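Lifted from Swiss-Prot, the feature list:
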type	residues	note
BINDING	Cys120, Cys124, Cys127	[4Fe-4S] cluster binding site
DOMAIN	106-329	domain 'Radical SAM core'
MOD_RES	Lys332	N6-(pyridoxal phosphate)lysine
Amino acid sequence: MAHIVTLNTPLREDWLAQLADVVTNPDELLHLLQIEADENLRAGQDARRLFALRVPRAFIARMEKGNPDDPLLRQVLTSRDEFIVAPGFSTDPLEEQHSVVPGLLHKYQNRALLLVKGGCAVNCRYCFRRHFPYAENQGNKRNWTVALEYIAAHPELDEIIFSGGDPLMAKDHELDWLLTQLEAIKHVKRLRIHSRLPIVIPARITDELVARFDQSRLQILLVNHINHANEVDEAFGLAMKKLRHVGVTLLNQSVLLRGVNDNARTLANLSNALFDAGVMPYYLHVLDKVQGAAHFMVTDDEARQIMRELLTLVSGYMVPRLAREIGGEPSKTPLDLQLRQC
C-alpha cells in the first residue's frame, strides 16, 4: 500500500494561498517525500536553471513516500537528463513562437488560442512550452484587447481556446472580463479551456467561477491535463461535479510519458478514474519533441502497441485518440494503430 505524505493543507484553503505556497526547491521536495538524494538526484537539481521547479503541496500529497520513481514525482522533479541535447528536439517543437498578435495563435481554420497567462501552478518537465517567450506574450488586458479585436475581425473563428501557461491562473474577475468580451462577439460559439490547475489545486474551481460559467451563452469545455490515475482524488471529483452541474463539457488529454504511464494497464486505470469523475478521455499525445524532455520519449511503435492493448482493457468510449501535433499542420495528426483489417 502506498504511503501518502501528510502536509497539513486545509481542504478548503483558498487556491491563491495554495498557489503562493508551492515547493520550488528539489531538496525540500525530496525531504517531504522522505527520499534520500543519491548522486543522480543531486546531479539533476541544476536542471532548475533550465526550467524552474514548481509543485503545489496538494499535488505532493498524492505522491508515495520513499519512492523516487513515483509517477507523479517523475513528472515534476528536475533531472540530469534535461541537459541531454537530443537530435530532432528543439525549443519550439510546434513552431508557435511567432504569434499573429501578442498572445494569440491562429493555428487552425476555425479556432484560435489565447495565451491567457504565462505562468503555471506546476511546472511539468515535459512541457512543450518550457522555452516559450512569455515575456513577449504577456497575459494582460492590453494584449487581451488586441487579441479580442483580431477575433472580432475574423468571423471564421467560432471557437476560442484559453491556453497558457495555464489560463486558470487568471483570477475570477479577469476571466469574467474575458468571458464578457467574447460573449459580445456573435460568431464565437464555444470556449475551450485547457488547464492543469483543477487537478493540482482543485480549489481553483471556485463557486464564483462555476456561477459565471453557468451564466454564459457560450458552450464551455474544460480540457484537463492528467497523466496518471494517482493524480485523481476526491477533491478533484467534487470540483468536476460542480462543473458538470452547470453544463460544462469535461474532457482530458494526456501525454504518453516513459516511466509515468507507458503501459496499457496504467492508462486503463487512468481512463476509469477519469470516467468515475465524469471526465471523458479525449487525446493521448505522443511527446512533443521539446529540448530537455527526450528522456520521456515513447516511440511510435511502442505507443501503437500500448494502444492496441488498451483497446482490450476498457470500453471504446474510454479510449483516448492517439495523436501528435506537428508544427504548421492544420490539425492534430492521428497515429494509425495498424489494426488488422478483416
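Just so you know, glycine gets a Cβ as well, placed from its N, Cα and C.
Since we're looking at a predicted model, the values are computed, not measured.
If you measure from the Cα atom of Cys120 ([4Fe-4S] cluster binding site) to that of the residue listed as 'N6-(pyridoxal phosphate)lysine', you get 24 Å. Each residue contributes its Cα atom, and for Cys127 ([4Fe-4S] cluster binding site) and Lys332 (N6-(pyridoxal phosphate)lysine) those atoms are 17 Å apart. Note: the CA-CA distance between the residue listed as 'N6-(pyridoxal phosphate)lysine' and Cys124 ([4Fe-4S] cluster binding site) rounds to 21 Å.
Cys127 ([4Fe-4S] cluster binding site) falls within neither a helix nor a strand when secondary structure is assigned with DSSP, and so counts as coil. Neighbour list (Cys124 ([4Fe-4S] cluster binding site), Cβ cut-off 8 Å, at least 6 residues apart, same chain): Gln75, Val76, Arg196. Here the Cβ of Cys127 ([4Fe-4S] cluster binding site) has 21 other Cβ atoms within 10 Å, regardless of which shown protein chain they belong to.
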